[in-house]
Amino acid sequence: MVLWESPRQCSSWTLCEGFCWLLLLPVMLLIVARPVKLAAFPTSLSDCQTPTGWNCSGYDDRENDLFLCDTNTCKFDGECLRIGDTVTCVCQFKCNNDYVPVCGSNGESYQNECYLRQAACKQQSEILVVSEGSCATDAGSGSGDGVHEGSGETSQKETSTCDICQFGAECDEDAEDVWCVCNIDCSQTNFNPLCASDGKSYDNACQIKEASCQKQEKIEVMSLGRCQDNTTTTTKSEDGHYARTDYAENANKLEESAREHHIPCPEHYNGFCMHGKCEHSINMQEPSCRCDAGYTGQHCEKKDYSVLYVVPGPVRFQYVLIAAVIGTIQIAVICVVVLCITRKCPRSNRIHRQKQNTGHYSSDNTTRASTRLI
C-alpha cells in the first residue's frame, strides 16, 4: 500500500539558497557606496542655503570657476547670487543713518559699525573695530595717500615706523628700502569679475585687495562685472612683482561668458514667466524667460515631456555606474530564480505523479490476482 505524499513546495529555501548571496550583494554595495543624490545646478539662493550658511559644495564639480560659490569667494556676510550664467557676491547691508563713528583696523573711520562690516564685505578683507569714535588724525585718516603732515623731521620719523602700512600690508623692519609687504595670495580665488573705484577691472575681490595693498590707497568694488571703459588691471607675477595685464589679450576668452550675461527683471515683470525666471539680456530690450527643468515656451507655460533624464557630471558618473551595475545584477538574479522555479517545479510534480500512478497500478494488479485465485 502506497501512502499519498503532499507535493514538495517549489519555493522552498533549498531551491533558492544558492542565489541568496547574489540578492544580498547589491544591498551590501548600496550600503558601502551610498551614491549621493544627483542634482542640477542651483537655480536660486534657497537651493544652496543651509542653516549654517551658504554651501554649494554638493553642486561643485570644480570644472568651471564661473559656477563656484563657496566661503572663500563671498565672506563677511556677503550674499552669493547667480545672475544669468555668473555667480557673484553681493553686499547689500541695510545700514541706518545713525552717527555712531567707529575706527576700523584699516585706519579708516566709519559712520557706524554696519558700514564697517559693509566695507569689509565689499573689499573681501577683515576689518575690525579698533576703537569707538573716529580714528585719530595722527594715525592716518584712512584716505590711503600715505602722506603725513608736519615737519620733515616728524615725517622722517613716522616713515621709519610701521604705522604707514595699511590696507592689509605687513611691515618688514628688516627690509632696506621697502617697509610694507603685501603677502596676499589670490591663486585659489574663484573668477568673479568686478569693477573697482580706480576705474580698472579685476578678476575677483582678492585682486582688488591686492592692488589696494600694493598701491597703499583705498580701492573699493564699484559694480559687478568688468568696467565698460577699461581694459587693464594689475596682477602679481611669479617673482612677486606687479605688472599690468591687458584685458584685450583675454577678451576672446571672456566674450562668450559676457555675451550670455543676464540680469533679473524688475518687479513689475512678476508673473511674466509661469515656470521659470525672468531675465534681461544686455543685448535685448525685451525680457526673456529661463524655464525650469521640464517646461518650455516663451513664458515657460508648456510642459516638456522630452526631459526624461538628467545628465550627471563626471564626478558623479561613478555613482551612476555603480547603480547601473547593481540594477543589472538584481535583474539577472530575478531571471535566474524564475527560470529555476519554472524548470524544477514541473519536473518535481511529474516525478510525484509517476510514483503515485505506479502505486495505484501495483494495487490493481494485486486485487486482480486475488480475484483469480478465488
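Glycine is no exception: its Cβ is also placed from the backbone N, Cα and C atoms.
Looking at 133-154, 353-374, the range tied to region 'Disordered' in Swiss-Prot is 353-374. Swiss-Prot names the disulfide partner of Cys182 among Cys121, Cys213, Cys227 as Cys213. Swiss-Prot names the disulfide partner of Cys95 among Cys74, Cys80, Cys114 as Cys114. Mapped onto DSSP classes, the domain 'Kazal-like 2' (181-229) shows 11 helix, 10 strand, 28 coil.
Mean per-residue pLDDT, taken over the domain 'Kazal-like 2' (181-229), amounts to 82.
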